[in-house]
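Here the structure is laid out as structure tokens; the discussion comes afterwards.
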Amino acid sequence: MEPVHHQPGTEQDRRRRRNPMTAHHSDESVQLDDELVCILMEIERGYLDFPRPLQIRIEKWVDKISQPIVHLQWKKNANYYAILLLDMVRRGVFRAPFDKTPPFGPLQTLPRHMICALDGMQKQPRQPPPPHPQNAWLKAYERVVRRTRTTTTTEATESKAKMTSLALLLPPSQLPERDPRRPSLSYVEIANERLTRLEADLAAEQATNRSLDQQLEVQYIVTTRDDDSKSWE
């Protein structure tokens, strides 16, 4: 009986075996980026209460935390920094490493005891973000959203970019319907929808204010004419 020789798997077979793990890493990477966007939005809400010099330091840390990265462990480390920064913004007390501007180079891995202390901290935003984020924050959100799609296919990247552009440009009534097969929205999609609704509300409020201003101007003219006519009598 001849011995059975096991042929080494082809590259396609090895790719098939790796696919489940690759897909898992891709999903986790997207989840980390979505989580980071939410944390940054919550940081932005709190940082507005601080004096400008401290705001500048926070903005520099946000810029450092949101730098484009692909490695899964580096993304986790960046999220740890964001959660820790959010906690210090809420407390109003900035300890190391946020007691000074971020150093040059990549983020250092946080010590184990600091990571363990982050487990009980709240990560989800409690309220919607401001309607018009400042340029530094908007760039940070865009960097995170762009790096999210580096682990997916080109088709998914183009589709997401188109949906994001439409969400920012069109009013909610003209947005295309979401695929009903998707069970829920991601954090990035939720943020885009909130920003769109808030911008639409702001535009409606501005239109109402303009209408009220016109009515007041007309009323002022009528009142002035009445006063003038009475003075001539």
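Any Cβ shown, glycine's included, is placed from N, Cα and C.
Just so you know, TrEMBL annotations never went through curation; they're auto-generated.
Features as listed in TrEMBL:
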- 1-28: region 'Disordered' (REGION)
- 32-113: domain 'DUF4485' (DOMAIN)
- 188-215: coiled coil (COILED)
The domain 'DUF4485' (32-113): mean pLDDT? 90
For the domain 'DUF4485' (32-113), give the DSSP counts of helix residues, strand residues and coil residues. 52 helix, 0 strand, 30 coil
